[in-house]
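Chemist: Encoded as structure tokens, here's the structure I'll be asking about.
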Amino acid sequence: MARTKHPAVRKSKAEPKKKLQFERSPRPSKAQRAGGGTGTSATTRSAAGTSASGTPRQQTKQRKPHRFRPGTVALREIRKFQKTTELLIPFAPFSRLVREITDFYSKDVSRWTLEALLALQEAAEYHLVDIFEVSNLCAIHAKRVTIMQKDMQLARRIGGRRPW
């Protein structure tokens, strides 16, 4: 028996979507609130479709902002950050964190030189980048593209790092 092509069957037409009305606000205006009116007077009805001079309003089409496809901006940012050499963690919050940690563990050490803080920040960022690289490899090995907590835990276990 020969195969035949069956045309697509259309269902009944769906109701048209409700259009949003940006000209009128659902909230009552100041004049309506002050006068206690219900908003059904002739002045409010005629003002909805006309401007202050009495001419009908023309609707202006607003262009949608351009959106890139998912992942395009992420890849662009990856390339940008791979090219740069500056530190990505802001210095002030990092130095506050270092001072907070040193206050917690040692009351003797209270002052840090700028070079010591910069060296510590450089090492911390390198460590984070290394962890993320190995975690990404673990996620790819699991046939995923999203890094999960278990990837980071596995990366730390395999790398021989301490559990803290």
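Glycine is no exception: its Cβ is also placed from the backbone N, Cα and C atoms.
Just lifted these from Swiss-Prot, have a look:
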- 1-11: compositional bias 'Basic residues' (COMPBIAS)
- 12-26: compositional bias 'Basic and acidic residues' (COMPBIAS)
- 40-55: compositional bias 'Low complexity' (COMPBIAS)
- 60-69: compositional bias 'Basic residues' (COMPBIAS)
- Lys5: N6,N6-dimethyllysine (MOD_RES)
- Lys5: N6-methyllysine (MOD_RES)
- Lys5: N6,N6,N6-trimethyllysine (MOD_RES)
- Lys19: N6-methyllysine (MOD_RES)
- Lys19: N6-acetyllysine (MOD_RES)
- Lys30: N6,N6-dimethyllysine (MOD_RES)
- Lys30: N6-methyllysine (MOD_RES)
- Lys30: N6,N6,N6-trimethyllysine (MOD_RES)
- 1-71: region 'Disordered' (REGION)
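Buried or exposed, and what's around them? Tell me for each listed feature.
Modeler: Outside the compositional bias 'Basic residues' (60-69), and at least 6 residues removed from its termini, no chain residue falls within Cβ reach (under 8 Å).
In the three-state DSSP scheme, Lys5 (N6,N6-dimethyllysine) falls into the coil class. For Lys5 (N6,N6-dimethyllysine), no same-chain residue 6+ apart in sequence has a C-beta under 8 angstroms from its C-beta.
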